[in-house]
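Q: Residues annotated as active site, nucleophile in Swiss-Prot: Cys50. If you look up Swiss-Prot, you'll see Thr49, Cys50, Asn51, Arg52, Ser109, Glu114, Pro115, Gln116, Gln120 marked as substrate binding site, on the strength of sequence analysis. Annotated NADP(+) binding site per Swiss-Prot: Gly189, Ala190, Gly191, Glu192, Thr193, Ile194, in sequence order. Annotation comment: Swiss-Prot describes His99 as site 'Important for activity', evidence class sequence analysis.
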Amino acid sequence: MTLLALGINHKTAPVSLRERVTFSPDTIGEALDNLLQHPLVKGGVVLSTCNRTELYLSVEQQDNLYEQLIGWLCEYHQLNPRELKSSIYWHCDNEAVSHLMRVASGLDSLVLGEPQILGQVKKAFAESQHSHSLSSELERLFQKSFSVAKRIRTETEIGSNAVSVAFAACTLARQIFESLSELNILLVGAGETIELAARHLREHRVHHMMIANRTKEKAQVLADEVQAEVITLPEIDIRLAEADIVISSTASPLPIIGKGMVERALKLRRNQPMLLVDIAVPRDIEPDVEKLNNVYLYSVDDLQAIIQQNLAQRKAAAVQAECIVQQESRYFMDWLRSQSAVNSIREYRNQAEQMRAEMAAKALTAINQGADVEQAINQLTHQLMNRLIHAPTKSLQQAASNGDLERLNLLRDSLGLEHN
């Protein structure tokens, strides 16, 4: 059995190609069914995200499969093979195992060490389970990859340092305040950065969030997801005093939160400290706000400094993580190779049992028909011996006649014979 991983990702293909090779959640089951109709494909998993589309397969053999699988992808997505061939990568066995472990651990991600990919890999695995498309080898590989990703998170610092603006803003808030769960947080805007920040805060059990946006309708979708309250931009002036933390990211050409607005909020708060994180360009918060006592204002440049420092730390952690992947992929390949022996042993035992049953049935028939018992037993054991040693005898003769001493000694070892 051979394991394969093939696909395209953000490193090998532009978004204009990646978007044409994606599988939507409702088509993955159908695609797997279609893929497993190939006589050599015994199991499959389809991983499709905005940054990658990959097939993980267990196959009987890989001869001529490269062209056939690319052809299948192109036919399924109505692409010209020339468009795909220059962007596709192809990994076998140990390389395929290492690749999946790196993907699941975030080592192959656009943002090094990002945790979301593990959830996406688990979802792809679950879809394959649901479609009954998993082979035992693939099931073992994916389960092992999940444990490797967990080990890497536990033993390295790969995921402990924020490397996106949204995560850096949330990390900064957690560093300044001992606990976020009871704080009031105001998010200004409803774009991608604020969406990421809101989800990240929700994961850290923040229960009191307000989302201020120019249009309530867009903000309401996000608010429903993270259980937040929606307010309009003009309402910020009235509600700002409630906020312990403000994270702002809009496309406004002018500041939304001015020094006077913050001063009024501080007065109502009786000068309780406020953290304001402005990740908008142009800035949403007037820079003079920084001059106020009990106000901590951070700009996108401040966060970029944190991100660069954290990215360097992640890269150092990635070296350690790669060593773990190499070690675990070797362990997995040892197991996979041992499965070949297990299957061979099982097949050999079944063959021997079939011979024994046939010989025993013949002997019993002869005895029931009046044959001498001792003679029947001797004949049974003689015939059984001849049938069992027939194949090894031919192999020994062939190795000897070919002068293949290495094979001859290997056969003698396997038969428990001493070397000459």
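Cβ coordinates come from backbone N, Cα and C, glycine included.
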Q: Distance check, please: Cα of Gln120 (substrate binding site) against Cα of Ile194 (NADP(+) binding site), rounded to an integer number of angstrom.
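A: Checking the Cα atoms of Gln120 (substrate binding site) and Ile194 (NADP(+) binding site) gives a distance of 21 Å.
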Q: Find the shortest Cα-Cα separation between Pro115 (substrate binding site) and the recorded positions Cys50, Gly189, Gly191, Glu192, Ile194, and name the residue that gives it.
A: Cys50
Q: Round to a whole number and give the Cα-to-Cα distance in Å for the pair Ser109 (substrate binding site) and Ile194 (NADP(+) binding site).
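A: On Cα coordinates alone, these residues lie 21 Å apart.
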Q: Rounded to the nearest Å, what's the C-alpha distance separating His99 (site 'Important for activity') and Asn51 (substrate binding site)? Just drop the number here, would you?
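A: Spelling it out, the Cα of His99 (site 'Important for activity') and the Cα of Asn51 (substrate binding site) are 15 Å apart.
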Q: For Ala190 (NADP(+) binding site), just give me the three-state DSSP call.
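A: SS state of Ala190 (NADP(+) binding site) = coil.
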Q: If I restrict to non-local contacts, at least six residues apart, and a C-beta distance under 8 angstroms, what lies near Gly191 (NADP(+) binding site) in its own chain?
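A: Listed in sequence order, they are Ser249, Thr250, Ala251.
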Q: Long-range neighbours only, meaning 6 or more apart in sequence with Cβ under 8 Å: which ones does Cys50 (active site, nucleophile) have?
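A: Result: Arg18, Thr22.
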Q: Of all the Cα pairs drawn from Thr49, Cys50, Asn51, Arg52, Ser109, Glu114, Pro115, Gln116, Gln120, the residues the record ties to substrate, which distance is largest, in Å?
A: 15
Q: For the binding-site residues Pro115, Gly189, which Cβ has the most other Cβ atoms within 10 Å, all shown protein chains included?
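A: For the binding-site residues Pro115, Gly189, the Cβ with the most other Cβ atoms within 10 Å is Gly189.
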Q: Hey, for the NADP(+) site built from Gly189, Ala190, Gly191, Glu192, Thr193, Ile194, who else sits with CB inside 8 A of the CB center?
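A: Apart from Gly189, Ala190, Gly191, Glu192, Thr193, Ile194, the close residues are Leu187, Glu195, Leu196, Ala197, Ser249, Thr250.
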Q: How many Å lie between the Cα of Thr49 (substrate binding site) and the Cα of Ala190 (NADP(+) binding site)?
A: 22
Q: Cβ-Cβ under 8 Å from Thr193 (NADP(+) binding site), same chain, 6 or more residues apart: which ones?
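A: In sequence order, Val165, Ala166, Ser249, Ile279 meet the Cβ cut-off.
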Q: Cβ neighbours within 10 Å, counted over all protein chains: which one of the binding-site residues Ser109, Gln120 has the most?
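A: Sorting the candidates by Cβ neighbours within 10 Å, the top entry is Ser109.
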Q: What residues, ordered by sequence, lie under 8 A Cβ-to-Cβ from Asn51 (substrate binding site) and sit at least six positions away in the same chain?
A: Asn9, His10, Arg18, Ser109, Leu110
